[in-house]
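Colleague: First the structure, then my questions, so here it is.
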Amino acid sequence: MRVVNAPAEISRGTPQRLSNTAERLKKKLERGVGQAIADFDMIGDGDTVMVCVSGGKDSYTLLSCLLALRERAPVDFRIVAVNLDQKQPGFPAEVLPAYFETIGVEYRIVTEDTYSIVRDKIPEGKTTCSLCSRLRRGILYRTAREIGATRIALGHHRDDILETFFLNLFFGGRTKAMPPKLVSDDGEHVVIRPLAYCTEADIARFARAMDYPIIPCNLCGSQENAQRKHVKAMLQGWASEHPGRIESIFTALANVVPSHLMDDALFDFRGLTRATEVAEGDTAFDPPDLPAATLGGIRILG
Ligand code: SF4
């Protein structure tokens with residue numbers, strides 16, 4: 001289990017004491033978040049953004065970026081940091097309230113003993129994460145209603161999106177990733193992922209530089225899903241052995257050509273005639289042209 005800093009150390013994360021590394025990463029991450037917000041029109045004037053903060057590196061970073069961007073945004077929006085205390089054994093309940101007080105953000109701590117429910121319902125040795133997160137989702141939706149949130153902001157980043165894409169591809173038979181903005185599964189909320197363009201490596205470096213009081217999500221002792229671990233390792237291997245590959249795949253998620261896939265719900269293959277307009281016609285026996293600058297359209301900020 002990772003060490004959780006004492007609340008007294010939290011003030012190290014305040015902007016006045018940023019190192020050069022943290023300052024540089026902060027700018028880069030804020031640029032990525034600003035770009036994602038603009039590209040997907042994530043936040044508008046008068047929105048109340050409920051930022052889900054688990055105490056992990058991603059959610060601390062998300063909160064930091066949103067607070068910084070709000071300062072200079074042309075629109076006015078409210079931020080409410082929300083943490084759910086699920087009564088996991090060893091959860092340091094005092095850490096996040098102290099942190100939120102220190103940085104002066106509006107916050108709400110929701111306490112619900114989902115841990116006992118999960119322990120009660122799932123036999124020993126079985127994976128608990130799916131029930132745990134389902135319960136957590138329901139509570140967060142209810143909280144969003146209570147505080148009048150018009151947006152629920154989650155800390156998923158570029159690598160979460162890519163991992164989900166490959167998990168769906170390898171094990172789910174679907175070309176589907178994790179959306180930067182979508183309506184929640186209960187149809188009531190708009191969920192946004194402002195870190196969509198930010199890499200996990202940058203977030204991890206920033207969180208270390210900021211010395212955030214990290215709370216691990218494996219307090220319950222659950223193991224990370226084996227398939228996700230496998231996909232993560234595969235992507236990390238590609239990143240070191242094939243520079244640019246990850247960026248190209250991520251760019252591809254925003255450049256879908258339905259006529260060159262096989263989903264007739266997206267492209268009317270049956271009704272196709274010579275008059276049908278297509279973005280790129282078939283090149284028959286010739287291999288498709290790969291753009292010379294394959295990485296030209298990449299959205300990841302370097
Ligand atoms: S690791 Fe534990 S706390 Fe996190 S989702 Fe899984 S069961 Fe829940």
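Counting starts with 1 at the first residue shown.
Every residue, even glycine, has its Cβ placed from backbone N, Cα and C.
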Colleague: Which one of 54-59, 240-245 shows up in TrEMBL as motif 'PP-loop motif'?
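Modeller: Per TrEMBL, the stretch marked motif 'PP-loop motif' is 54-59.
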Colleague: If you count Cβ atoms within 10 Å of the Cβ of C220 ([4Fe-4S] cluster binding site), leaving out that atom itself, what do you get?
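Modeller: Counting Cβ neighbours of C220 ([4Fe-4S] cluster binding site) within 10 Å gives 17.
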Colleague: Tell me the residue counts in helix, strand and coil for the motif 'PP-loop motif' (54-59), as DSSP assigns them.
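Modeller: DSSP classes over the motif 'PP-loop motif' (54-59) add up to 3 helix, 0 strand, 3 coil.
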Colleague: With H, G and I counted as helix, E and B as strand and the rest as coil, say where DSSP puts C220 ([4Fe-4S] cluster binding site).
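Modeller: For C220 ([4Fe-4S] cluster binding site) - judged by DSSP and reduced to three states - the answer is coil.
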Colleague: Please identify which of C129, C132 has the densest Cβ environment, defined as other Cβ atoms within 10 Å, among these binding-site residues.
Modeller: C132
